[in-house]
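Annotated features, as they stand in TrEMBL:
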type	residues	note
DOMAIN	27-103	domain 'Ig-like'
DOMAIN	120-204	domain 'Ig-like'
DOMAIN	211-322	domain 'Ig-like'
DOMAIN	327-415	domain 'Ig-like'
DOMAIN	422-530	domain 'Ig-like'
DOMAIN	537-630	domain 'Ig-like'
REGION	678-700	region 'Disordered'
SIGNAL	1-21	signal peptide
TRANSMEM	640-663	transmembrane segment
Amino acid sequence: MGSSALSLTLLLMSLILAGLTQDLPRPTLTVTPDSPVFTGETVILKCVINSDHSDWRYVWYKDHTEVSERHTVNRNTLTIERSKTSDAGQYTCRGHIDRRSVSSQSSFAVYLSVKALPTPTLTVTPDSPVFTGERVSLTCVINSDHSDWRYEWNKGSTKVSERHTVNRNTLTIERSETSDAGLYTCRGHIDGRSVSSQSSSAVSLSVKDSPRSTLTVTPNSPVFTGERVHLKCVIESHSDWRWRNGLKYDRRYDWTNYQTYEWRYEWYKGSVMLQTSEHYTVYRDTLTIRGATESDQDQFWCRGQRDERPNSSQLSSAVYLSVKDLPRSTLTVTPDSPVFTGERVDLKCVIESYSNWRYEWYKGRDSVMLQTSERYTVNRDTLTIRGATESDAGQFWCRGQRDGRPKSSQSSSVSLTVKDLPTSTLTVTPNSVFTGERVSLTCVIESYSNWRQRNGLTYDRRRYDWTYYQTYEWRYEWYKGSVMLQTSERYTVYRDTLTIRRATESDQDQFWCRGQRDERPNSSKSSSVYLRVKDLPTSTLTVTPDSPVFTGETVNLTCVINSNHSDWRYEWYKGGNNSVMLQTSERYTVNRDTLTIRGVNESDQDQFWCRGQRDERPNSSQESERINLSVNVSAASSSLLVTGVVVGLSVCLLFFLSLLLMWRYKKNKDQQRNINQTSVPNQSAQSQPENFPLQSGQPQ
């Protein structure tokens, strides 16, 4: 126990003695910048002593010799201004404390390497001369252990333009110009250091003009949409280019040897290089624009490229391509769509400018060009469709063509809608017609609401509704065969009904009807029916006994009607033009189809005919042929007749003689009266004494 305490005490005493007798400190020497340094640079050496003392005085050594007075010392820092190669060597430092007999240990030696400033090497790619438009690279190479050089470029005494690109040790002139020609130098700088490399030797950059490109446009601008445009890029000849640049002949540059160094052409629109497509095609030196559009309106450039130098021509002067719309065509339809079947439709193509147009007409999605026909006729700018049908509905286009530019107009389209006309239904009363009957044909036009629904039309009272008869009443037209009927004694019309009086076989034909009105649709769709006219059943009249008959006989006239119908009632007629229908009497009796004449006499001699009547149709037969009934007088009757004739003639003779005598008597009496009246005046006029009457007619 006692020995352990002793050991611990001895240990503590040894530690205290060791703290009181520490080793001298060793300074740490640092150099800024890092070695190696370049001549002319400022070098700072710093001596750092880790000690509780702060009043150290520092002593500097180079290769074990205290440093020259040309260097500057400030406390623990040694500064070498504008270093030289002679400043290279081993440097150490140590510290002293004034009024003390001790100093620090010497620092570890630091070697300072001082090298001469490097001279860059400047190279140019491609070899000079270069050509305008070429990409030129100038490379500045500094042989040095340092890699963090920053490069400075000068053309002559001027810093190079910012339009050039610098990437580390390379200056790039993207598209060289003649103004880029000159002497170029470079030098390097290290950031944070006070020195730079020496300037490189000057390199002369010679820039020659590239071959010129000339761009031409055919046809001359402005062009019209849809036209084919050719842009031709013509590159200056090798001889002209060489002469212009003052160059000697060098086969390497000669592009007239097309087999080897043929030009490839680049085309630009705005700032974008064009790619070939269906719209843009290239053949050698020509760009073709197929079907120019307004989007093609822009600045165009061209240039050539080749494998050998100069491998590019200059960009041509910009040519502005102006693209104008083709003259507009406006297609109008008369009457307004929708049109109705059967109407005449006029499509008119109006082109706003220029003249001498030829017009083309197209129909349908497949744009089929229409050809003239009986239904489609063209008169200058107008296409006429005669008798429109539903098959005429569709898209119609028109455009103009002419010999000069612009050669065509824009196409203009319009949709033609064709709606069905109102239907007409023709009815005939009675159904089957017999000659002599009265026939009524009624034309019934489809109602407005049904027609509108069938055609998918909206209601339009003002334009279409014919239910308002006061304004847009239908007028009816009637056709037989292909001839429109006119009213006459036999054909009469009242509103929608045609009446045929006393139908004949000549009325048998196809009949049509349709309506006409002042507003559209101004016609209905015609409807037809075939009118068949049958003859009435024939009647045949027979006489028993055969004619001639004799007075006093009984005569039977039988009327036979050729028909499957029954229930005939028979009518009997006597006479010629003024036929009289016979009435039953004691002498004339009728039994069904037979007329009996009892005790025929001469007054019965005449023409007889018959016909049938019934309640159902046909309600009459034809009249039979007229039969002459000849009546002869019998023998007894003949003698009586002779006697009667003689007596009659005698009476007539006596009557004639009486009249003659009476006439003679009257005549004599008139003569005597005239004589008496004459003799009285003669007697009063006598002056003779004798007084006796005048005897006339006695001889002397």
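Note that the numbers count up from 1, one per residue, in the order the chain is shown.
The backbone N, Cα and C atoms fix where each Cβ goes, glycine too.
When the stretches 27-103, 327-415, 422-530 are ranked by Cβ pairs under 8 Å to the domain 'Ig-like' (120-204), first place goes to 27-103.
For the domain 'Ig-like' (422-530), the model's average pLDDT works out to 84.
Across the domain 'Ig-like' (27-103), DSSP helix (H, G, I), strand (E, B) and coil residues number 3 helix, 39 strand, 35 coil.
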